[in-house]
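*Asks:* Summarising the annotation, TrEMBL assigns domain 'Immunoglobulin' to 57-156, 166-259, 268-347, 358-432, 441-536. Per TrEMBL, the feature domain 'Immunoglobulin subtype 2' maps to 63-147, 274-335, 363-420, 447-525. As annotated by TrEMBL, domain 'Immunoglobulin V-set' applies to 67-142. Residues or ranges marked as transmembrane segment by TrEMBL: 540-564. According to TrEMBL, the feature region 'Disordered' maps to 579-600.
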Amino acid sequence: MHGIRIDTSHSGVQEAGAFMLVGSCRTDVHMAPSRTLHLLVISLVLKADAAVYRTVPQSTAVLLGHDVTLNCSLSGLSEQDVVNWHWYNRASQAKHHHISAGSVVAPEFSRYSIVGDTKGGEFNLRIQNARLEDEGKYQCSAFSVQGVTTVQLFVVVPPTAVRITGNLTPRVVGEGMVLSCRSEGGSPIPRLSWYNGTVRNPQSDHAFIMDAETSTVAVNLLIPSLTKWDNGANISCVSDQGFPGTVRPKVAWTSLVVYYPPVVTPEHPSVRVAEGESVQMSCHVNSSPVTRVTWTRLANGEPTDITDSSGALHMENVSRSHAGLYECRADNGIKPAAAATVLLDVTYAPSISRTFDSEISVLYGQDVLRLECVADGNPKPRVWWKRNDTNSLYENPLTLSPMDYRAEGLYECVALSAGFIGARRRTFINVIGRPDVLGDTAAIFADDGDEVTLQCKVMSDPPSDDVQWVFRSHSGDEKRLDPGEGGGVEVKTVLGHIRQDTLTICKIDASYTGTYVCKATNVFGSDQRQFRVHIRFSSLLLIVTLCTSAAAATTVLIILAFCLHRLINRLKRSEIPANSRNCAGSETDKTSSDLSPCPR
């Protein structure tokens with residue numbers, strides 16, 4: 001190589017046309033320095049010109065009876081380099097077998113061959129109809145290759161069967177279950193794993209070999225307590241030999257059947273439907289085994305005669321009598337049975353019961369009238385009263401107090417519900433009794449000579465037989481005033497719902513002042529009203545009257561003052577002592593007589 005000749009005459013060994021350098025050179029303290037230097041130079045030259053792998057051999061697996069190729073290609077090979085394949089049998093790792101040198105294969109490896117472009121450094125080892133004894137470690141090398149790579153060939157034998165055993169009959173919720181997965185045969189021995197769907201169960205780590213000779217391996221799956229969620233679960237056991245590109249894992253699976261009591265869920269807890277329409281009520285049942293639903297109508301908590309055995313209860317032309325509570329029940333033999341209820345709410349238009357007549361008579365003066373309007377409907381209607389002639393609104397029940405003729409009229413009960421046309425019912429309240437003369441006692445003032453009109457309004461049922469006017473003077477004299485004109489007074493009557501009687505004084509003077517009484521009478525009694533008529537004084541007359549009264553009062557006061565003064569003076573003279581008069585009696589008396597202002 002590169003003008004350097006390697007001399008191997010002292011220690012080289014030729015085998016099958018391949019030259020190998022064997023370790024005949026030993027470390028010797030007496031070795032000549034020149035020889036040691038010579039070997040060091042040779043070693044450095046060999047390392048500098050060593051061949052390298054272009055395709056590094058890779059461990060691989062082959063299915064029993066199939067062909068396999070172990071690839072190996074090198075670059076930098078010299079003319080003297082020979083590529084060799086060696087094999088270490090798995091039965092005896094220490095035993096070394098030389099398969100080939102270059103493209104020449106040893107005769108005992110009849111199923112082996114070197115394929116590829118050997119001139120380009122490609123020496124691939126092909127094995128036909130792989131057998132178990134072909135398994136082992138293989139090495140592709142040349143004299144100048146540094147870091148020789150050893151690869152493993154695996155000959156795979158699939159297992160004959162993978163089975164799941166155990167009690168696979170349906171189980172009841174709460175019970176336990178033990179399943180066993182067993183794989184027989186196969187090389188290498190497969191790894192067994194339990195899966196629930198796609199989730200690996202950690203119990204898979206506890207697999208054990210039952211029989212090494214037959215390569216039988218098993219793993220158990222323990223489920224301490226089954227739940228309803230385990231029903232229908234796909235439990236699988238996977239036998240994997242670790243070479244998915246060569247042999248696919250084998251799978252055995254089973255589906256669990258777990259019985260559990262039913263759970264009933266209504267689609268809608270309450271259903272509303274209008275009267276006359278159709279309705280469907282549904283209940284969903286979750287149970288194993290599957291069971292049907294029995295429908296029953298409940299009345300006061302007890303079943304009635306309406307039953308249906310299906311998941312949905314369909315009813316046509318629903319009426320308000322169908323409203324109520326319905327029960328859907330399921331029983332599959334696994335206790336306890338289950339049930340749910342559905343409330344059927346039937347809506348219908350409002351209606352008013354005939355709790356009052358079209359006309360009601362009440363007695364005048366009655367304290368209170370209560371009239372209740374009973375209405376039915378769903379949803380519950382709002383009820384109120386309306387008086388037609390006034391459009392006044394009243395709450396229900398209708399309450400009128402006190403009862404007089406003004407309360408008489410046509411009243412209407414109204415019941416309204418959302419989504420429906422309202423219901424109405426009328427009644428006429430007829431007030432009967434004694435007459436009612438409207439108004440209180442009145443005082444009438446008029447100027448002398450004016451026309452005065454007195455009006456008397458009367459409500460009565462039955463109508464008043466007669467309305468009388470009576471005049472009572474200040475002296476207490478009474479006079480009946482009949483309809484028509486006479487004595488300056490005119491009486492007229494206008495009939496109607498409210499009777500109006502008028503009395504007109506054509507020209508009033510003092511003779512017409514006094515009390516006028518309007519009195520109405522029928523079979524139930526009578527009522528009256530009084531008018532007190534007065535004449536107003538003129539302003540001048542009032543001033544004269546006031547001045548005259550003031551002058552008279554002043555004169556009286558002056559006279560009273562003078563008399564009081566005389567009385568006081570007389571009392572003072574009567575208080576002079578008697579002895580004073582005796583001492584100078586004659587002169588005193590004379591003086592007194594002379595001073596007296598007025599004779600006795």
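Here the Cβ of each residue, glycine as well, is placed from N, Cα and C on the backbone.
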*Asks:* Looking only at the domain 'Immunoglobulin subtype 2' (274-335), what is the model's average confidence as pLDDT?
*Replies:* 88
*Asks:* Looking at 57-156, 268-347, 358-432, 441-536, which one has the highest count of Cβ pairs under 8 angstroms to the domain 'Immunoglobulin' (166-259)?
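*Replies:* Ranked by Cβ pairs under 8 Å, first place goes to 57-156.
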*Asks:* Can you say which of 57-156, 268-347, 358-432 has the most Cβ pairs under 8 Å with the domain 'Immunoglobulin' (441-536)?
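*Replies:* Answer is 358-432, with the largest number of Cβ pairs below 8 Å.
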*Asks:* Write out how many residues of the domain 'Immunoglobulin subtype 2' (447-525) are helix, how many strand and how many coil, based on DSSP.
*Replies:* 3 helix, 48 strand, 28 coil
*Asks:* Report the DSSP secondary-structure composition of the domain 'Immunoglobulin' (166-259) as helix, strand and coil residue counts.
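*Replies:* In the domain 'Immunoglobulin' (166-259), the DSSP-based counts are 8 helix, 47 strand, 39 coil.
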*Asks:* Which residue counts does DSSP give the domain 'Immunoglobulin' (358-432) for helix, strand and coil?
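*Replies:* Going by DSSP assignments, the domain 'Immunoglobulin' (358-432) contains 3 helix, 42 strand, 30 coil.
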